[in-house]
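Here is the structure we will look at, set down as structure tokens.
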Amino acid sequence: MALQMVSAVSNSSLLQPGFSLLNFDGHVFLFGQKGWPKRSCPTGVFHLNVKQNELKMKPTTFSKDSCYLPPLRYPALCTLRGNEESDECQYIIHGGKTPNNDLSDKIYVMSLVSKTSKKTTFRCVEKDLGGEVPEARYGHTINVVQSRGKSTSVIFGGRSYTPLGQRTTEKWNSVVDCLPSVFLIDLELGCCTSYILPELQDGLAFHVSVARNDTIYILGGHSLQNNTRSPNLYRLKIDLPLGSPSVTCTVLPGGIPVSSAIVTQTGDTEFVLVGGYQSESQKRLVCNTIVLEDTKIEIAERESPDWTPDIKHCRIWFGCDMGKGSVLLGIPGANKQVISDANYFYILRCKGAEEDKEEELTAQVCSQTSTEDPGDSTPFEDSEEFCFSADANSFGADDTDTYNEDDEEDESETGYWITCSASCTIDINTWVPFYSTELNKPAMILCSNGAGHWVHAQCMDLSETMLLHLSEANIKYFCNEHVDLTKGLQTPKRAMVQLKKQPMKPLRKKTAMKFTPAKKSFLRRLFE
């Protein structure tokens, strides 16, 4: 076993406890960064490459038919293969924590569409689930088993938030162990079924699970209720006949009371157990070899690497399986580095140089590492390069697609992350998709007032139906701040008009009528 230190001088805050690594055809990709993705890499998935002891990162893209995939930390993931003849590798991702500390209950299938020296494209699909769907959780495991020519996914363990009915103000975000139920998930049909087994009495989180054919072995794990690490070794056997599936559990001797350990596969039937904790204040520096046969499991202690003094004396450590017998380990940099939340990183190679050239392995591994977050770390700034090195210009010829902010407009003024109004609440660091049409940028709509300006649809309290109607109809829209002004232009305001009073003409004085003597005589005779 060889331990190699990787340079991580700056920008290492992206890699924090809870990240995951995906291995596609020998290429390693980071998933589950700390914080929401920046426009530099809106997918939040990076290609990791080690060159001259420096860990370099390149952004990746998603295909147009992909769903939105948030950066999830502490999810359960495992590989999925279509059939023995196919070399296509996919990853199943379930649960995990979002940067807002919300828990996910969704399940995704991620596959590699294309990879060139300049661009890597993934496709991510969310699977619809029905039946007895597992609750949102983190720190659990998922495996795929094969039985009678069929396959199914198995979920076990983890932690979730206290149910809403049991929460108090003081312990609103407190977590509890999930019930020790075993879930079988048919990804093709989206059907979920849960099983309660008498052998599984306590909920476990941050345990290790390894699968071969129709059998899963569960090792270690921590129980919050008892504050113990399980010394038991559980064997789950799944039978998939034509009718209802059957799940049985057997408690075996020879378990290891460890939590947050990492498992990497070094052979067709051989695995190596690394790291973890044997108590709250004590790391487990011993390594073990796990050998899986068709009907039995053997666990033996093996020679450990020459741990550095920093690793021996640090309080916490974290990491993930890189695939093909390698593990990426991280320890806090404490006050030894300029950046307070910077970490030191090591690559532990559990196989020899000749063994690394073997073909890709077929058995599956799922392990969970746990170190509760010390707090929000500083996210990537758009102007920073994705290179864990003091020399950010050391990219090779195949790294020419590194983000350059000069290639884009300044979105702080003209893009999606503007302050669109006095009541604008959109923040690039905390934004999450609100409409189903959003992926990595907020939906915006043009206000037709004056020369026009863009506003966020969410800040305008627009429903998704109204937003779609406005985008399809050929009508003008006015934002909340200008809609009253527009109404005033369309319907003139009532104004008080001062009417001028015309002076009345003076009445003429009455004058007596004058009659001739003949008329007077005629009138006298008429009225007599």
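Cβ from N, Cα, C; glycine included.
Since we're looking at a predicted model, the values are computed, not measured.
Annotated features in TrEMBL:
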type	residues	note
DOMAIN	415-492	domain 'Recombination activating protein 2 PHD'
BINDING	CYS420, CYS424, CYS447, HIS453, HIS456, CYS459, CYS479, HIS482	Zn(2+) binding site
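Taking a C-beta cut-off of under 8 Å and a sequence gap of six or more, CYS447 (Zn(2+) binding site) has these contacts in its own chain: HIS453, TRP454, VAL455, TYR477, PHE478, CYS479, HIS482.
For the domain 'Recombination activating protein 2 PHD' (415-492), the model's pLDDT averages out at 78.
Taking the mean position of the Cβ atoms of CYS420, CYS424, CYS447, HIS453, HIS456, CYS459, CYS479, HIS482 as the Zn(2+) site, the remaining same-chain residues with a Cβ inside 8 Å of that point are SER421, ILE445, TRP454, VAL455, MET460, ASN480, GLU481. Less than 8 angstroms from the CB of CYS459 (Zn(2+) binding site) sit CYS420, SER421, SER423, CYS424, THR425, ILE426, each of them six or more residues away in the same chain.
Set side by side, the binding-site residues CYS420, CYS424 differ in how many other CB atoms lie within 10 angstroms of their CB, and the most is found at CYS420. A count of other CB atoms within 10 A of each Cβ picks out HIS456 as the most crowded of the binding-site residues HIS453, HIS456, HIS482. The Cβ neighbour count for CYS479 (Zn(2+) binding site), using a 10 Å radius and every protein chain shown, is 20.
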